[in-house]
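Remarks on the structure that follows.
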């Protein structure tokens, strides 16, 4: 019996030691996190890391990024804030223009038409203007489709029509960006000399530019309002072109974060650009008598020039002579009659 006891005691001790070893967790197991704990909450986890990234064997290392938390903020801005910014800017501008038209009406020529015209813009200037303007309108419509098409247009025309329209709109948006950019560059080069701010512009602004009341302040070839539009086109057009090409050719010059910033700048500048051009279109069509003729036929009535650009008219009249090929007043053509 004593020999059996001597045998069983070591066996029991060995089993006890084995159970003790199994009860102590391994270092790696001790560091494991409870998957239901609050520290493993998805939102908190994503906030702790710039991105969730692994390793890939293909050359494109960008594919190793599975999720980018900043992308959620970008998506929220694109789907919510951008629509508010664009809606307020464009609808607000339309509301202001409607109110202004109902209260002020068209700005008429105070002294009527003289029957004589003067060349304001030559053929090349008008070609550049209309090329840029046509591209801008198509770019604006196709670009707004990206932001507002899904919530506004899709329910009206259905998935198939919306998909077809969006595809062609994307093609137009991409390819027409090139002549638009060329137009912006040419506009900058053609008219930079006449669009440098001066003291005359300060007086023009103080007197409301002739839009308020019947006081027409003197102005050179471009008044302060037109200079403002010029710089909006040059700066705004340059920004949307530069950021647009970053998006058209992704990852060549910047990473995903840079592209998100480019998209935000592109879209915000674009909707503000569109809002400003609504005012430009209004003044050039139904807002002012005789204004459309400047870019239509290239000629304006002398009385129109005297009321809105008197300093420019005086300069043109002073330097006109029979041997001068530059713009000079002449009798109205049959089209003006």
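Placement of Cβ uses the backbone N, Cα and C atoms for every residue, glycine included.
Here is what TrEMBL records for this protein:
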| type | residues | note |
| --- | --- | --- |
| SIGNAL | 1-30 | signal peptide |
| TRANSMEM | 84-107 | transmembrane segment |
| DOMAIN | 120-297 | domain 'Cytochrome b561 bacterial/Ni-hydrogenase' |
| TRANSMEM | 127-148 | transmembrane segment |
| TRANSMEM | 175-197 | transmembrane segment |
| TRANSMEM | 229-252 | transmembrane segment |
| TRANSMEM | 264-283 | transmembrane segment |
| REGION | 317-337 | region 'Disordered' |
Leading stretch by Cβ pairs under 8 Å, where the reference is the transmembrane segment (84-107) and the options are 127-148, 175-197, 229-252, 264-283: 264-283
Folded-back contacts onto the transmembrane segment (175-197), same chain, C-beta under 8 angstroms, at least six residues removed: 125, 128-129, 131-132, 135-136, 138-139, 220-222, 224, 226-227, 230-231, 233-234, 237-238, 241, 244-245, 248
Close approaches to the transmembrane segment (264-283) from elsewhere in its chain (Cβ under 8 angstroms; 6 or more beyond its ends): 74, 77-78, 82, 85-86, 89-90, 92-94, 97, 101, 136, 140, 143-144, 147, 225, 229, 232, 236-237, 239-240, 243-244, 247, 291
PLDDT averaged over every residue in the domain 'Cytochrome b561 bacterial/Ni-hydrogenase' (120-297): 94
